[in-house]
Amino acid sequence: MTHCGPSSYAIYIYVKGKPPSVHSAVDASSSIRTSQDMAGAPPPNPVPVAYQGGSASVPDWLNKGDNAWQMIAATLVGLQSVPGLVILYGSIVKKKWAVNSAFMALYAFAAVVICWVTWAYRMSFGDKLLPFWGKAGPALGQKFLIKQAALPASTHYYKNGAVETAEILPFYPMASMVWFQCVFAAITLIILAGSVLGRMNIKAWMAFVPLWLTFSYTVGAFSLWGGGFLFHWGVMDYSGGYVIHLSSGIAGLTTAYWVGPRSTKDRERFPPNNVLLMLAGAGLLWMGWAGFNGGDPYTANIDSSMAVLNTNICAATSLLVWTWLDVIFFHKPSVIGAVQGMITGLVCITPGAGLVQGWAAILMGILSGSVPWFTMMVVHKRWILMQKIDDTLGVFHTHAVAGLLGGFLTGLFAEPELCALFLPVTNSRGGFYGGSGGIQVLKQLAGAAFIIGWNVVVTSIICVVINFVIPLRMSEEHLLIGDDAVHGEEAYALWGDGEKYDETKHGLHSDDFTTHPQPSTGATQVV
């Protein structure tokens with residue numbers, strides 16, 4: 001049976017060995033209607049409201065393609081966190097912290113979802129309260145969620161008060177916008193967690209997540225995306241180089257300072273417990289970035305396609321450059337290093353994904369594979385201050401340095417025609433293209449300075465306040481034992497690091513007296 005019109009059906013009569021006849025379908029349909037009319041029976045049921053154009057379910061403003069892509073993009077970004085970073089975190093740390101690290105990511109995702117729909121979404125994308133903050137409010141009611149998506153503070157004006165760029169009104173419901181932005185907020189907290197794995201008190205983390213989301217993330221999101229002062233000033237952040245990566249990298253380093261370092265044994269030797277699973281998590285992160293950058297035009301348009309292609313170009317280039325540097329200087333291609341290079345490439349292209357040309361994406365990949373490598377492998381090891389702050393996964397280098405670099409390079413390479421497809425400020429361009437491009441570079445640096453300053457101050461206040469109530473750092477016993485003490489659970493049913501030998505539990509003592517070589521400390525390792 002197939003639809004013949006908006007409110008009728010046609011029945012195809014199949015004859016063995018012959019295709020269905022349109023005439024037979026019409027005749028059959030007509031004869032059925034005639035017999036029903038003669039019998040006084042009601043006509044066939046109309047097409048369900050959910051499929052009718054112009055109905056409450058399919059309003060005139062709805063573009064089904066845009067809505068489908070936005071929900072798919074949101075799902076891809078969600079998969080970056082759950083299970084992507086859950087797997088990556090649980091695998092890249094040593095065995096005794098696998099459960100705790102994975103759970104910190106999982107908990108943050110769930111907590112952000114509830115906080116987001118309860119008050120944080122409107123603080124990020126609602127009506128203006130302050131030039132850098134929106135008014136808090138729920139995003140839970142039916143009337144709010146089924147109406148057309150809108151960013152009320154996004155109308156851009158000329159200096160004389162005339163409208164330059166109208167309010168952002170995507171062709172899908174608020175529910176799609178709320179969920180899409182929610183997964184971005186969630187992954188930001190999860191990235192931040194990478195700086196404090198292996199020693200932050202899980203109860204302190206449970207308090208930290210909603211506080212940081214409320215007082216830090218929403219400020220950056222509104223300022224740069226929701227219609228705040230940086231948005232109207234014309235600072236470019238296509239998909240979160242500043243809002244997500246620079247903020248999480250700076251806040252992660254700040255939180256690591258206040259929490260304190262891991263145990264001495266953990267800092268001296270912190271091998272990943274499962275490199276293959278780590279690669280699986282990294283793969284989900286990479287492929288999920290298609291939604292991360294491809295969904296930010298809020299529509300399935302040509303700019304979205306440019307963003308997805310540039311994302312993969314930059315990530316691949318960065319991975320290769322980082323690996324080559326490891327081989328050149330340490331004579332070994334590090335798998336962890338390849339993952340770090342992949343991440344820095346993804347982060348670097350994010351603020352300019354749909355704004356730069358392909359050749360610029362390659363240049364950005366070369367720099368994102370080398371500059372963060374230099375800060376992690378050289379500067380970090382020689383700068384006493386960086387040695388004192390224990391950033392477990394090097395989030396400062398992979399996200400803060402790469403995000404700042406990407407924002408600066410976007411200010412250089414943003415192509416005018418591509419800018420016109422996305423940005424509210426007309427005639428925007430990068431410094432490479434002359435004109436007002438030089439001012440754009442200064443805007444990018446000023447925007448970064450605001451995000452850095454706000455995160456250092458607010459994150460410090462949050463950590464100090466929490467520490468008055470809940471210790472930020474685990475007890476020494478928990479630091480010694482790990483998952484078994486903190487959660488009463490272990491990632492693998494094996495005897496290993498942080499666990500006292502018990503013959504009744506672990507079996508006979510090993511007869512293996514072979515001296516095993518220590519892992520290399522040359523090529524990229526977990527910081």
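Cβ atoms are placed via backbone N, Cα and C, with glycine included.
Note that the coordinates shown come from a computational prediction; the quantities given were computed from them, not determined experimentally.
TrEMBL has this to say about the protein:
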{"type": "TRANSMEM", "residues": "68-90", "note": "transmembrane segment"}
{"type": "DOMAIN", "residues": "68-492", "note": "domain 'Ammonium transporter AmtB-like'"}
{"type": "TRANSMEM", "residues": "102-121", "note": "transmembrane segment"}
{"type": "TRANSMEM", "residues": "178-197", "note": "transmembrane segment"}
{"type": "TRANSMEM", "residues": "209-230", "note": "transmembrane segment"}
{"type": "TRANSMEM", "residues": "242-260", "note": "transmembrane segment"}
{"type": "TRANSMEM", "residues": "272-292", "note": "transmembrane segment"}
{"type": "TRANSMEM", "residues": "304-323", "note": "transmembrane segment"}
{"type": "TRANSMEM", "residues": "335-353", "note": "transmembrane segment"}
{"type": "TRANSMEM", "residues": "359-379", "note": "transmembrane segment"}
{"type": "TRANSMEM", "residues": "400-425", "note": "transmembrane segment"}
{"type": "TRANSMEM", "residues": "445-470", "note": "transmembrane segment"}
{"type": "REGION", "residues": "506-527", "note": "region 'Disordered'"}
{"type": "COMPBIAS", "residues": "515-527", "note": "compositional bias 'Polar residues'"}
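Of the candidate ranges 178-197, 242-260, 304-323, 304-323 has the most C-beta pairs within less than 8 angstroms of the transmembrane segment (272-292). Proximity of the transmembrane segment (209-230) to the transmembrane segment (68-90) is not established, fewer than 3 Cβ-Cβ distances being under 8 Å for residue pairs spaced 6 or more apart. With Cβ pairs under 8 Å as the measure, the transmembrane segment (304-323) is packed most heavily against 359-379, out of 68-90, 102-121, 242-260, 359-379, 445-470. Ranked by the number of CB pairs under 8 Å to the transmembrane segment (102-121), the listed stretches 68-90, 178-197, 242-260 are led by 178-197. Long-range contacts of the transmembrane segment (68-90) within the same chain: residues 98-99, 101-102, 104-106, 109, 170, 172, 176-177, 179-180, 182-184, 186-187, 190-191, 193-194, 197, 274, 277-278, 280-282, 284-285, 287-292, 294-295, 298-300, 304, 339, 393, 491, each at least 6 residues beyond the stretch ends and with a Cβ under 8 Å from a Cβ of the stretch. For the domain 'Ammonium transporter AmtB-like' (68-492), the predicted model reports an average pLDDT of 95. Contact between the transmembrane segment (242-260) and the transmembrane segment (359-379) is not supported: fewer than 3 Cβ pairs lie under 8 Å, counting only residues 6 or more apart in sequence.
Through the fold, the transmembrane segment (445-470) approaches residues 201, 203-204, 207-208, 211-212, 215-216, 219-220, 223-224, 230, 233, 235, 237, 242-243, 246-247, 250-251, 254-255, 258-259, 404, 407-408, 411 of its own chain, all at least 6 residues removed from its boundaries and within a Cβ separation under 8 Å. Tertiary proximity for the transmembrane segment (178-197) is limited to same-chain residues at least six positions away from its ends with a CB under 8 Å from its CB atoms, namely 70-71, 73-74, 77-78, 80-81, 85, 89, 93, 97, 100-101, 104-105, 108-109, 111-113, 116-117, 120-121, 124-125, 139, 145, 205, 209, 212-213, 217, 221, 240, 243-245, 247-249, 251-253, 255-256, 259, 292, 295, 391-393, 395-396, 399.
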